[in-house]
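Participant: In case it's useful when we look at the structure, here is the feature table from TrEMBL:
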- B:16-121: domain 'Acyl-CoA dehydrogenase/oxidase N-terminal' (DOMAIN)
- B:201-339: domain 'Acyl-CoA dehydrogenase/oxidase C-terminal' (DOMAIN)
Amino acid sequence: MKLSFARINQELSALKVDLLGDEGLRYADWTMRRPTFVDFFGQDAGFRYLRAKGNSIEGGTSEVLRNVVAERILGLPTEHRVDKDVPWKDLPR
Amino acid sequence: MTTSPASVSLLADDVEEDLRASVRRAIERHAPTERVTAIYDGTDEVTAPLWSAFAGLGLPGLLVPESLGGAGATAREAAAVLEELGRAAAPSPFLTSSVVATTALVALGDTEILPALASGEQTAALLVRPTALRHGPATTTAVGLPADVLLVPEGDALYAVRGAATAPVSSLDMTRPLAEVSLGGGERTLVSADAAAAVDRALLTGAGLLAAEQVGVARWALETTVAYLSVRRQFGRVVGGFQALKHRLADLYAEVEQADAAARYAAACLATDDPDAPVAVHVAASFCGEAATHAAEEAIQLHGGLGMTWEHPAHLHLKRAKADELLLGTPEAHRAALAVLVDLPPPVVEPVETPAPER
C-alpha cells in the first residue's frame, strides 16, 4: 500500500502543478515551519509536489519496500548479504 | 546556402570550453550553494554580484551585434552559459534579458535599448505569461523582474516601458523570481508597430536555450547522485553496487545524453537560423524539461533522507527543474506545437451522443 501511495501521490501532486501552469509557478510562503500535524492538503500545489517526494523515502524507502514485497510476498530469493548475523562493529567499512 | 546543422559537429570546440570554464568559475565564486539557498530565506547576495561578474565577462551582450557593443555571438555560446547556470541552479537575468528580450530587440533592429543591455548596465524583460509559447497579450505576472525596461506586447505592437512598479511574488523556484507589475506609472515608447514575429522568435529562442539550462540541471543531478552512490555504504556495501540502482542510473545517463543532444541541435539550428529550428526547439523543450525534472527527482530519492534536507542542494535543483519545465511552454504545449509542424492530424473531436433519458 505505501509503495503505491507514494507513487500515486507523487504523480498526482506533479500533475496538479503542471495543470496550474502559470499559477503552478507560484509558492505561498517559504517561511520555515515545524508542523505538529499533517497539513498536506491545506497547502498549495507547489508544497504538495515537494512534500510528496518524501513519501517514497520516509518510513521505509520504496526500494526497501520492493525488496520486502519481492522476498516476503513473492518468495523470491534474497541478494547475497554480507551484513547478516554480523555485529555492526565487524562490518567492512 | 548556409551549412545545415545536420552536417555541423555538435561537439564543443575550444572557444566553447573556454567560455564554459570562465562562466563556471564566476558561478562557483559568486553563487555557492549556501548563498543560493539563503534566497529562500529572503537574502539574495547572489544575483547582483554574479551579474556584475557576467558583465565583466561580456556575457550580457553575447547575442547583441558588435556594432551595438555586443559580442555578436550565437545561440550556441548562450546555451553554454545557460547550461552552467542550470548546473548551479544560480539566479540570473541572463535568460530573460540577454536571451529573450535581446532576441526580440535584435529582430526588430533596435539601437536604443540594446547597448545598455549588452553592457549589463540595464536588464529588460518581455512581459508575457511565464508559460507562454507564442506572442500573446501582456500579463501582470512575469519572470525576469525587476527589470529596467519592460517590453510590453499590445496587439502586434511592442512598447518599451520604463519605471513601472513591480512587486515580487513568492515562487516555487526562488532562483527565478516572479513579480507582479503595474504599468500605470511607467513611461512608454513604441519599439515597433509590427513585432509579433520578433516576439515569437524571442520566445522560440528562449525555449530552445532553456533546454540547455535543463541539461545543466539534469547533468548536475546525475553526476552528484553517481558520486554519492559510489561512496555511500549501507547493508555492508557501497549502495551503488545494487543492480536496481545501477540500472536506474544507467537509464538516467542515457536520458541526459539524449537531452544534451536535443538541446545542442536546437542551439545549433537557432545559431544558423536553420528552417528546422522550430522542430528542433519543440523537440528539445519537451524532452529536456521532463528529463531535468526526472533527474532531479531521482537525485532526491537516491540520496535518501539526505536529499530531503535543506542543507543538501538537491531541492534547489528540483525546484529549478520543475519551474523550468513549465516556463516558456509546458512539454505538452511543445509537443502539440511539434505535432502541427510534422503534419500530424489534429485530434478529431467526436460529438458525444447523450442517451435520451428513459421515461
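Cβ coordinates are placed from backbone N, Cα and C, and glycine is handled just like the others.
Have a look at these and tell me how they're positioned relative to everything else.
Facilitator: Per-residue pLDDT, averaged across the domain 'Acyl-CoA dehydrogenase/oxidase C-terminal' (B:201-339), gives 95.
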Participant: Count up the helix, strand and coil residues in the domain 'Acyl-CoA dehydrogenase/oxidase N-terminal' (B:16-121) according to DSSP, in that order.
Facilitator: 74 helix, 0 strand, 32 coil
Participant: For the domain 'Acyl-CoA dehydrogenase/oxidase C-terminal' (B:201-339), give the DSSP counts of helix residues, strand residues and coil residues.
Facilitator: 114 helix, 4 strand, 21 coil
